[in-house]
Structures are given as C-alpha cells and as structure tokens.
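Annotated features, as they stand in TrEMBL:
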- 12-33: transmembrane segment (TRANSMEM)
- 184-203: transmembrane segment (TRANSMEM)
- 206-258: domain 'HAMP' (DOMAIN)
- 415-512: coiled coil (COILED)
- 522-754: domain 'Histidine kinase' (DOMAIN)
- 780-806: region 'Disordered' (REGION)
- 814-927: domain 'Response regulatory' (DOMAIN)
- Asp863: 4-aspartylphosphate (MOD_RES)
- 936-1052: domain 'Response regulatory' (DOMAIN)
- Asp985: 4-aspartylphosphate (MOD_RES)
- 1082-1199: domain 'Response regulatory' (DOMAIN)
- Asp1132: 4-aspartylphosphate (MOD_RES)
Amino acid sequence: MLKHVKFKYKILLMPFLAIIAFLLLLFVSQLFMGRNNALLSEIEQSFVPALELSHDLERTLTDLQRSMQDAVAAADEEELSFANTSYEHILTLFEKVRTNSFFAQDQLTALIQEFEAYYTLANSTSQQLIAGGTLDEETVAKLGEMSEQYNVIKAQIQTMVLQAKQEASRTFEATLQNYKQSSYFMNLIIACSVLVLGILSLLTARSISRPIQEAIRVTAQFAEGSPTVRIPVTGHDELSELGRAFNRMMDTLAMQNWFKTGQATLNERMRGEQEVAVLSRNIISYLATYTQSQIGAIYLMDEEQKTLHLTGSYAYTQRKGNRNAFQPGEGLVGQVALEKQRILFTQVPEDYIAIQSGLGETPPRYLLILPLLHENVLKGVIELGAVHEFSTIETDFLEQSCESIAIALHSAQSRVKLQALLQETQQQSEALQAQQEELRHTNEELEAQARALKASEEKLQMQQEELKQTNEELEEQARILEMQKAELSEKNQELELSRKLIEEKAKELDLTSKYKSEFLANMSHELRTPLNSLLILSKLLLENKEANLTDKQLEFIRTIHSSGAELLALINDVLDLSKVEAGKMVLNFEEMSLIGLGTFIEQNFRHVAEQRALGLRVSLAEDLPSSIFTDRQRVEQIVKNFLSNAMKFTEQGEVHVQIHRPHLDTNFFRKELSSQQAVAIAVSDTGIGIPPDKQHLIFEAFQQADGTTSRKYGGTGLGLSISREIVKLLGGEIHLQSEVGKGSTFTLYLPETAPAAQQEQALPTPERSIQGDRLTNISRQTIPSPENRAVSAPPTDLGSIRDDRRDLTPDQKSLLIIEDDPKFAKILFDLARERGFKGLIAGDGSSGLHLAYQYVPSAIMLDINLPELDGRMVMDKLKKNPETRHIPVHFISVLDASLEAMKMGAIGYLTKPVSLEQLREAFEKIEDHLTRTIKELLIVEDDEAMRNTMVELLHGKDLLITTAATGQQAHRLLREQHFDCVVLDLGLTDMSGFDLLEQIRQDPEISDFPIIVYTGRDLTHDEELELKRYADSIILKGVQSHERLLDEVTLFLHRVEKNLPESQKRALRILHDKETVFHEKTILLVDDDVRNIFALSSVLEDKGLSVLAAGNGREALDMLASHPEIDLVLMDIMMPEMDGYETMQHIRKQPEFSKLPIIALTAKAMKGDRQRCIEAGASDYLSKPVESEKLLSLLRVWLY
C-alpha cells in the first residue's frame, strides 16, 4: 500500500499525528500548571521571604549579643561599634518584616518594643562595664534581666520561623497533589499517541528500509570489487529514483575508473629516465593494449629537419611502399601534424595495412591519428588501428593522454640535450681551468701595467695642467717666445743630452749594484772559508780534552775564538745591511711577550753589567699589553745593539731599560703610530753622551760620534744603521735624546700590530676562505701548493697568522703546525680549530722546535722543506728528546718521502697538493692516536721463551700485548682486531716471515700499521731490500737489540717516556747515546781548502768517524770508486777543476750512489744556493762557517 506513496507524504504523516498528540498534551499540562503556579507563587512571595527574614533576625540578634560580649571582655568601646551596626541591621530587617503580609502586625509591634528595651539596657550596661564598673548586685540584676529579654525575643523569632515553615509545607502538599493529577492525564495521552505512531512508523519503516537494505547490499558488493552490480528498481518513490541514479552513477564510475587507471598506468610506464626510443615503444605498446587496438605507431618530430620519423610501433610490419618519415601535410600523419587536430578514419580499405597473427591477417576497420602537443608545439603523432570502432571514452582517453605523453617526450629529449650540454660544459670547464692559471698571470701583469699606466696618467694630467698654464702664458708672450725660439732649441738639446747622461748613470748604478752583490757574495766566501777553520779549531782547543794547555794559552784561544765570532758578526752585519738596502730583508711576525723581552735583557746583559761594575734596571709599566705582534728576533737584535752601545760608552753609573706606553705629547714621524697603539722601549745610560751635531751622523753606515783613528771606543758603526732600517720595516721609529757628559736615551717605538704592508707581504689574502660553511669550496679542489716550489726556500713570514699560544693552557688539546707556506699553514690552522685543537704555528724548523719544547703540543703537522732546519732534522730532534718523543707527528710535504717519514716514527704522510678529504683523514688519524690511551701490540714469535722475554721487556700500563706463535694465527688476529704495531720474527713454523708480510700488505681488510722485524738470522742483501719494502724497522738480535726493540716500539706507539717503568727508561737513556751512530762510519770530505779539511777532520775523527779527504770533484769520484764503504759525503761547492755541483751530478748518475747522502757545504750564502744544491743532487745543505753542533746533528739524521 505504502510502496507507491511518496516519501514526503510518508514522512509528513508521522509529524502531523505527533503534532495533534502534542497539542492535546500541551492543553492538559497548561491547565494543571496554572494551578501549580498559583500555589508556588504564594510560597515564593510570602513564605520564602518570611523564612529568610526570620533567619536573618535570629542570626543578627546573635551577632549583636556576641559583639557586646566581646567589647566588654576586651574593655574596648570601639568594639561596641560592631554591636551598633548589628542593631541598625535588625531595625532594617524589622521594616522589611512589616511589609510581609504573613506576619501579624500586633505581634510584630510588641516584638520590636521588646527588642528596643533589650538593646537600651544591654548597651548602657556594656558601656558601664567597659568604663571600669564593678559587678555589683545592680549590675548582676541588669545582666539577668538582659538574658531574660534576649531569650524572649529569640523565642518569638523562632516561633515566627516555625509558623512560616508550617504554612509553606501545607501549600507545597497541595501543589504536589495537583502535580500527580496532571501526570496521570499526560501519561495517558502519551501512551495513546505512542501506540498510534508506532504502528504507522513500523509500516513506513518497512516501506523505506527494504529498498535501502537492497541499496546497501549492492553498494557493499561494489565496494568489495564487483563493479557490475546494480540495484533492482520496482516502485516509483524516491528510493526507486535513487536506485536508478545509483545505477547510472555506477556506469559513469566504471568509465572514469577505466579512464584514470589508464592514465595512471601510462604515467607509470613513462616514469624514470628512459631513452627516447625506449619511451616511445613503451607508450605505443601500452596505448594499443589498453584501447584494444591491434596495430599502432608513434612518429616523433625532428626539430632540425622538420620531419616526422617512426620511433616506436606495435604489431607493425614493414612492407614495401610503407613510409617511416613524413613531412607536415604528407598523408594522414602529416596532415594531423600540420593541423594539430585528430583524424578518425573509418571504413579503411582492405589493402591499406594488415593486422597479422600466426593464423592469418585482417585489415583494421578504424584508424585514429592524434597529434602530441607540448605548449602548442608539435612533438609527434600517434596512429592506432582497430577492427572495432573507437568509443567516445577511448577517444577522450587518448586525447587527454597525448598531453602527458608530449610532456614525457619533451623531458626525455631535454635530458638528451642537457646531457650533451653537460659534456660540452665539462669540456669547457676543463679548458677554462687550464686557461685560469694563464689568465691569473696575465691579470697580474695587467694589474702591474695598470698601476704603471695610472701613474703615467697622473703624471700626464699634471703635465697637462702645467701645459695649460704654460699655454696661457705662451699666448700672452707669443712674441717673446718667437724671439727666444733659438735659445729654447739649444736648451732642449742640452736637456736631451742630460737625459741620456742620466740614463747612462742609471745603467752604471744597476751595474754597480750587481757588482756590489757579487762582491758581497765573494767576500762572504773568502772570509768565511778561513773563518770556518778558525772557529772550529779554536773551539776544539778550548775543550782541552788532553789537558795539555795552560790557562794563558786557553785565554789566547778564547781571544782567537771571540775575535773570529766578532768577525763573523761583522760579516753578518754587512750582509744584513745589504739585504735591507736591497729590500730583501725577511721578517717573521709573531706574538712577542713584553715580560719575555725583559727576561731576555736580564739573562743576556746582567753578567755584562756586573763585569763592568754597572747597574742594570729593567722596568715595565702596568698599562702595557701582555704582548705585541712583531718580529721578536729583530726587536731583540735592536735592543741588544742599544744595550751594547750603552754598556760600551758607560764607565760608571747604570743602564736603565724602560718599557712603557709613549707619552701623549710624543711627536711621531710616521702617521700610523699613535700613543694608544704603540709601545716604547727606552734604553738610558749615564755615559759620555753624543754631541748634537753628531746625533744624525751615528745612524749612517760605518759612522761613529768619534770617527778619528785615535778614538777610545771601537766598533764598525753598522749597528744603528741596520737598526734604523729594520725599525722602518717593523713600522716603528727610533728617537734619540742625549747630552754630552750626562748620557743618552735611545727609544724604540713599535706598533702593537704588524704594519699593513708587511701583513700583505707576509700572507696574501686567499681568494676563498675555508672557514665555517664555505669549507666546501675547497673540497672540490686540491689544497693549493706553490707551483715549481723549490725544495727548500728561505724563511717565510708567517707573522700575520695569529695563533693560540696566548690562550693555551696545559689541559687543552693543541696542534703545532710547522709549515713555511703561509696559505697552507692558515688552512691547517683553521681545520685544527674546527676539530677542537688550539693551534700553534711556526714558519721554520728552529721555531717549531722551540714551540714544541715550550708547549709540548698534543700533535704536530710537519713540512720537510723548511728553512734553516729541515723537517727530517726537526723530527730527529723531537724523537731524541724524552719530553717530545711521544708526540704523534704527521708529515705533509711536496716531496714523496713517506717511507722515510714512517720509519722515523711518523703516524702518517701526505704529499702535496692534498685534498680537504685527505686533510680530514689526517686529523682523524691524529685524534684516534690521542683518544686511545691504551695501545695494542702484536708479537709474532715461534719461540715461547723469546715471546715471554719480549712481553716482559715491553710491558706497561699503557700497552696491551697479544702474542701469536704461527703466521696463520697472526694473520687471523690481524683480521679480527686492530693493532697499532706488530713485532715479527722471520723464522715461523708454518710459513716464512716474508710470506706473512706479503699477505699482510696485500690484504685490504687489514689496516695500515708499522711493522718491526726482529730476527736473529743473517740477511742477504736481496732479503734486506725486500724487507725494506714492507717493514718500517729491521732489528737483528744481538748487542743492545732488546734496547733497540724497546726504543722502536716506544717510537712507533708514541709512548710517553716518563710514564714507562724505570727499567725501560734506563735502557732508553743508555741507547740514546748520541755518539753511537758515528761508530764504524766513513765520511768522504771534499774541499779544496786544506785548513777546512784539517778542522772538520779533527771534529769528525774526535767523534769516532773515519774521514777520507779529496781536494776536488775528480778526486772525490776516484775516492768513491775505490772506497764503496763510504757512508756519507761532505761536498764543498766552490772548487777547482770540477766544482761541487758537477761532482754531485756525476755521483747521482751512478746507480750504486743514487741513495748516498750528500751534504753540500758553501760559504757564498746567497739566495738560491740551497735550491741549486738540491737540484744538483745534494741530500741536504749547510752554510759556512760550519757550526760543529749543527753539522753533527745533521750527520746523525743521515747516518741513523
């Protein structure tokens, strides 16, 4: 019945019946609620206020009584004010009670009168008691009367409260009875309404729920993957219409699902970096399969030839007459390309093209050709053929897919172009890198030319201004100039002649400067050669080892040695002066402690002052900085000169050295100096003083205040001249104040920091910094290393690099960088700070040793090619000093001497140029050595007794020793755990030590570590050579072999000698006797000067060396041929017949002498000599006069 009723009528019927029931219910409820409201209104307006007022009266009366009691108890009239407040509040409440109809007015009037009488009596009695009244009978009677009145009043108030409650209770009972009646009638109406509505609801729900359940069932089937299900429809209500709409939606969703699935799968097929041909085949294959086409082809546009080419196909068979390329407009494919519109071709002829299979073939009935457009640019054409007609959805799918296909093809073609461009860019980048260096040199030349051009422009501009002024004068004096034309012509000729003379003088001056340099070089050689013998022999005699010289003879020898040293100082002063004048003086800026300068003065001149019976005072002001940035060596040289002069020219009194801030009124000649940023070093004496007319003269070379032949005081007069020039380079000034007979004061003013010119000269600003997040700029390159760098260069100024020596504390991690290249030193310094190290920087070997001994850094990075003292000698001195022997040293050098460095105890070696990654690995290796306090040693020895002996010899708290008896066991242990060093015996039971060494070095899983071969077998020459390929040290069991083994293990494990057991420390001290290395060694000394041969032979033979002598290069070659046991050659450079350079070249040409150490000796001491010696074949270099200790130290390095 309800199947054909519309939903809206079904739904409206229920509310209509509900509204009728609701109205009936509302009428009944309003009837009973009116009665209840009247009763409740009476309760609210009469009974409830009466109760509230009665309670307030009772509570306020109680507060009134309590306030009076408190006031009497406290004897405080102010407390009565609270009682008065309560009294006024009670009167107010009585006024409100009068307005309430519930209370009887006559009873209320009597109550008020009673209360007034009570309050009057109570108030007067309370005041009397507060005022100090006594409790007499009258007072007690009043108190009794007050109590009775209070109780009467309270009882009347409680009666009023009780009456109000009874009356309210009766009214509430009537209200409740009325409510019960209304509930009965309302429940009856509700029950009838629910019964009727329930029946109608059941019928309506059945007519609605059955179609909905059917729709739910169909929807669930669809959700489970049955897209073909449909809702059965029989009626004409809204649910039937909904079912019909749902069925239509299902049909639409099926089509959309097919559409989107096709697009998603197509995009998946096109994803990734595919080649154009592969992508084309994937596209046409998928489109043909998805649209159930039997044949297909895709043509791509060649942008250069403007031609469509067949790139991919599906089930396409090439036949005679078929074309694979089309011009726009040719055929249907070309027409689609031309119009950029699709073409659907129906009723295809039988002979058009065949769809072939294994069983036969049939022609397609329909052809669909579509353009591929990307931003309206044709990328290609797709052609599909099918035996069935293409549906609308298939056509729409293909059209919409064309855009994504065009994008994918465009991306693939762009990748091909990008790859080609990338290759071309890489080639151009390589070419640009090759040109970059050339451009840099060109830019430097252009900058120099630009500066010269700018100077010329300025000069021309000045000339133009002068010419302009001259022209104005010439215009006015034209007649006069015409008359003087002949005279001017003659003057011009004279000027031209003068110019030519000046040019000739300039050439003569250059030639003179050249002759001067040559003269200084030759003079240095001629003076130092005999001076070398003089100093060496006199020092040997002073030692008086045979004790056969008298005190007077020793005094004579001291005089000879002192005179020779003074002569050497004079030669050095002359060379210093020439360097300063030539602008070749090299400064080494660093932090110089002012307290340290004071200590230097005390240590070097205190004994001189005591000898001359003079006082010496050194005072430092309180406002000084702790240090200044300058060349410490040069400042000390200047101060020494001041003090030497002061001591020399002062016969009595004192010399006072003051280090302070310059006075504010000091007049400086240099604008860069200021009193707030400078330091003054004043040397005052009480000597003879200097006349005013001589004060400027003493700063000239070879000049003194008294220049006569009979002068009382000696000296060359070079010291102040050299000091003045050095001070200019330091950015300072020298001021002189002197008075004849009273003394002189020489004041040296120095800036706190290096002058800007010296900073730029010391360290050119790199194009890129490697600090913070820009460090990646250098990681793509190699760390810059000077091109064609000489094997050894003169000292490099690293002064502008401020290191951390002032902030360094003993508990901090520190790294000492010994490097003469400022740029590279700065890079290492920045990386060290990045790794948490405090950095120390030294530009030469001597400074590096000084810092190492002073600060004992945690680790050292060391260059080999260092000025004065090279890296090998530095390493030798470090490892021979017990305080520095344990410090891990990492070599970084332009030379490939890694094997030599590792054998000296280095933890690593890098050959320049190095990359940032290599530097980081080097730092990680250093940090690994520092963090691992317990080192691990593997002993491979087949003899158990020898193993136990070695363990006992090497044991220590900082060393964990593991032993192995066979080669297989050793190899397994090396693969399973990390070892810092291996001690290996060659005589193993299962394999030879050579085989084990081969396995270790060829196994990539075993980390690199030093290997010490400790064996008792006699090695052949070939075996020794083979061992040197793998082992870092070879020790033959014999005399002192235990001590040598302990020494080598301690060296390679960087053990701190002071932490070793006492027995081990004692053994190392015995082993490190410096003279042992000279025993049974033969030296060939090549020198044309008999005096030098005699002097050096005496020194060397005294140390136990066997010395052979040769007078020139030819004799040296003959001596080497007849004495193959020669261990080292000392080679002079300047010799007759065949000089040292040629001799060394001949020696190096002989294979057996390719590794023979040769130390070159020269007295010329000019720039470039060291490089030339090294290039000729020298292993090292030493300048004359030869210092015995330096020579012996160098011999220890090369004979070790």
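For all residues, glycine too, the Cβ spot is worked out from N, Cα and C.
Residue counts for the domain 'Response regulatory' (814-927) by DSSP state, with H, G and I taken as helix and E and B as strand, are 52 helix, 24 strand, 38 coil. Counting only same-chain residues at least 6 apart in sequence, those with a Cβ under 8 Å from the Cβ of Asp985 (4-aspartylphosphate) are Val940, Glu941, Asp942, Asp943, Met946, Gly993, Val1013, Tyr1014, Thr1015, Gly1016. For Asp863 (4-aspartylphosphate), the same-chain residues lying six or more positions away in sequence with a CB closer than 8 A to its CB are Ile818, Glu819, Asp820, Asp821, Gly871, Phe891, Ile892, Ser893. Residues 178-179, 181-182, 185-186, 189-190, 192-193, 196-197, 200-201, 204 of the same chain lie 6 or more positions beyond the ends of the transmembrane segment (12-33) yet place their CB under 8 Å from a CB of it.
When Cβ atoms from all protein chains are considered, those within 10 Å of Asp1132 (4-aspartylphosphate) total 27, not counting its own.
Taking the coiled coil (415-512) as a whole, pLDDT averages 76 in the prediction.
Break the domain 'Response regulatory' (936-1052) down by DSSP state and the numbers are 53 helix, 27 strand, 37 coil.
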